[in-house]
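Q: The structure that follows is given in the form of structure tokens.
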Amino acid sequence: MARLPHLDITSLFFYQVFHVPLEERKYKDMNQFGEGDQAKVCVDIMHKTGAHLELSMAKDQGISIMVSGKLDAVMKARKEIVSRLQTQVGSALGCRTYSGLRLEVKKSQHKYVIGPKGNTLQEILDRTGVSVEIPPPDSSSETVILRGEPDRLGQALTEANSYTVSSVSAPSWLHRFIIGKKGQNLAKITQQMPKVHIEFTEGEDKITLEGPTKDVQMVQSQIEAIVTDLVSRMDYAEISVDPKFHRHLIGKGGANINRIKDQYKVSVRIPPDNEKSNLIRIEGDPQGVQEAKKELLELASRMENERTKDMIIEQRFHRAIIGQKGEKIKEIRDKFPEVIINFPDPAQKSDIVQLRGPRTEVEKCTKFMQKMVAEMVENSFSVSVPIFKQFHKNIIGKGGANIKKIREETNTKIDLPAENSNSEMIIITGKKVNCEAARNRILAIQKELANITEVEVSIPSKLHNSLIGSKGRFVRSIMEECGGVHIHFPTEGSGIDAVTIRGPAEEVEKARKQLLSLAEEKVSHHSELRAKPEYHKFLIGKGGGNIRKVRDSTGARIIFPTAEDKDQELITVIGTEEAVAEAQKELEALIKSLDNVVEDNMLVDPKHHRYFVARRGQVLRDLADEYGGVMVSFPRTGSQSDKVTLKGAKDCVEAAKKRMLEIIEDLDAQVTMECVIPQKFHRSIMGPKGARIQQITRDHNVQIKFPEREDQQGKHLQSHCFIDPAAPKKCDVIVLSGRKERCEAAVEALKALVPVTIEVEVPFELHRYIIGQKGSGIRKMMDEFEVNIQVPAPDLQSDIISITGLSTHLDRAKEGLLERVKELQAEQEDRALRSFKLTITVDPKYHPKIIGRKGAIITTIRTEHDVNIQFPEKNDENQDQITITGYEQNAMSARDAIQAIVDELEEMISEDITLDSRVHARIIGARGKGIRKIMDEFKVDLRFPQSGAADPNLVTVTGRPEMVDEAIDHLLNLEEEYVSERGEAMPETHTNYKQIVLL
């Protein structure tokens, strides 16, 4: 321990203060203070004595003189002052003597003299009356001055020198443990000894203590005790690891290093990247330090042996490999825990997946992922199947049954377009062979439902682009014109001439002729012109009449934009050069005339006004759509005016006027007609979402109104009125409005939709097979033929099945039902043939051999001969009876196969040998590998004794005689070899037995 500070006393000086009252002053001139004779005398005294004089004026006009210097100089100066500056009247000079000390103290130690907030200086002053002067912090001076009475200077010097600086030896790595978590340990010490300053210097194996001597001694003893304890139970180790591996040792989010810290209860310091240091320091429990060191070195060694590999995997597969919520990639990482798999950010559009880890593990993971990707590629084959929109519901089936079955049985993904979409394409994704199978099944459903045919037309591939047209417009117009047939051109550049057309036979033929005709004409010219979208319907005309005239007269094809096209004004003309020019000329003239807006009037009876403006003017909107946006204005409701105004293109106004007159004529000729159909059939007549009734309304241009439903209490009947029993019920009467002939046609159409019931005779015993499991069979037939099939209750045991539906569907449904009956009868006959049984008697001891290991032999016999073979149960009386069921011929063949095995088994013999039990385990081998090899090689069966057997050395060998002998020789040779390796003699009994066998 060192005393603080190392005080160097450079000089000891004294000073005295004298006071000379005014009346005793020799020089009293007030204006000459500090000047004149008095000043000269003071300077002379300083020269003579070597003391230093300082004069000051007191309030009583006396002067105070401070003399400082060495003691003898101060005494001499005092005599001079008395004799030269004071009159003789004064008896004695009033004075007080003070001493001073100058000390040289290192600048760095001044703070210890000052103390916290100047406390030490104040304490010295309070106790001794001595002031201590410290040079300011910005001064370079190291001189400290003590001023006070001479007898007090010693005490003050002792006080100033009572602070101590001491140090405690402590390895720098222990410093943070001494300080404690968040400085807890150190806080306890400093709270007890607040005057002691404790300083830890990084990299130094010591702790510096500064403060009052006693306090420092107490703190030092406490810290030394802590250090002794820590050194006894803690250790550290340093390892060198290449900085490039540091972040891998740390792990993602510090996972690796935190695990090691928690597991081994140690602290691990890995230098930050900017230090570029190899040194990793581990501190803590000695055993934990060694174990953590071992694991970190192993990890580092593994990383040195690891490799990084980039795999090229198309980005479209990344999400599938990762899986929903990362489930699939987690499985891969669990399978290869040492391999780190990094996928690129989706925004990077990169195909590179990085694998890092031990070389062998990376290679295994690479192969696994390559196989996985190959399967994905194989399963990502896609094919589009065009299916007519009306058949999509049949493809789906009731409750999705059909589509679900196809998906499951072909292991494919099948996507159908949305119900409100115009697309007819069904997308199938999966393995190519599976996609083809699913495609064929879907096409087969369509073929069953309609007269669908497929033909190929040979058209030179160089003409394909011209026939397809810009963005497929030309071929699309042909498909629409020919009833929505599907026309498929081969891939561009393939050089294939075959074009496939699929659809109803008549429409396919029509499309085929058009394609061939256009190919002969070598259509290669096209032009474009523009017209307002509202003119298009008028240009096309009702049923395409207007545009057909242009095509017939010019030979060119005119294509209007579809709803999906962005440019709704663009009209394309395709054909030969002459035909295109002529058609364009005609169309331009028509369009120009449409731009000529006129206004015209017509008279319409007010009684018909309501028809045109009803339903928010639906009829007027239809007129505007069809006739180039013509505007029709009716007089206000309530006015009796019959004047109606039409405004638009001249031709459109004329056409709209003509159409309105036709409507008025229909209204004048309108009749109301009743059609009586029992209410129970109304829902069926309407069809799904009223589709059937809407079709009749459109086809016959009539209005149809269904009655309200009759409730169970018959609220529609008036109890007080007489009801004619012959009169139809109000709830059965459907009212039609329109022209007479159209209403009559609509009535016939409605009656045709009334379901009809027919009866089909089907043997009762087949009913449950027709119904199928949970009704699946009968539901499939009802969905397929769009009928209702009623099977009688089982307790009736009736053979009659009722089919209800549209008359057009009944014949197909009946035919389908009878076809199913034939299939079931054929299955019954087949079941009868397959139920032939025969029994073979076999000694039970041979049963395990016939069954074989894990049932391998009996399974082979069952599969090869397509039979069922039943062995007796444990409790059966006839334990030697094996039953074979199947076709008679197959059953006979299976019996012969079993008999052949039995014959071979009966030729076998069993021999018991004594084999040293100590070598049994070695002969059997790991997981029975050794014994299986012997049994396969010699075609024998070996039975070793179970634990606790009477004779633990007894082994049974079973097989053909010659093979048994060879197997026994082999076993005894192995025994001799194994025993000799142990350095023991062969048992006497073994040698004798071997000699007997050899004889």
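Just so you know, glycine gets a Cβ as well, placed from its N, Cα and C.
These numbers come from a predicted model, not from an experiment.
The feature domain 'K Homology' is assigned by TrEMBL to 97-165, 166-228, 233-301, 305-374, 379-447, 451-520, 523-592, 596-665, 669-755, 756-822, 834-903, 907-976. Annotated coiled coil per TrEMBL: 573-600, in sequence order.
Distances, neighbours, how buried they are, the whole picture for these features please.
A: Here the domain 'K Homology' (97-165) has a mean pLDDT of 69 out of 100.
Residue counts of the domain 'K Homology' (305-374) by helix, strand and coil are 39 helix, 17 strand, 14 coil (DSSP-based).
In the domain 'K Homology' (379-447), the DSSP tally of helix, strand and coil residues is 38 helix, 15 strand, 16 coil.
Across the domain 'K Homology' (523-592), DSSP assigns 37 helix, 15 strand, 18 coil.
Below 8 angstroms of C-beta separation, residues 466, 469, 474, 521-529, 531-532, 535, 538-539, 550-551, 553-559, 628, 645-654, 657 of the same chain, each at least six residues beyond the ends of the coiled coil (573-600), sit close to that stretch.
Secondary structure of the domain 'K Homology' (596-665), assigned with DSSP and counted as helix (H, G, I), strand (E, B) and coil, comes to 37 helix, 17 strand, 16 coil.
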Q: Using DSSP, how many residues of the domain 'K Homology' (451-520) fall into helix, strand and coil, respectively?
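A: Going by DSSP assignments, the domain 'K Homology' (451-520) contains 36 helix, 17 strand, 17 coil.
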Q: Mind tallying the domain 'K Homology' (233-301) by DSSP state, helix then strand then coil?
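A: For the domain 'K Homology' (233-301), the helix, strand and coil counts are 41 helix, 16 strand, 12 coil.
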Q: Per the 3+ Cβ pairs under 8 Å rule, pairs at least 6 apart in sequence, do the domain 'K Homology' (379-447) and the domain 'K Homology' (233-301) touch?
A: no
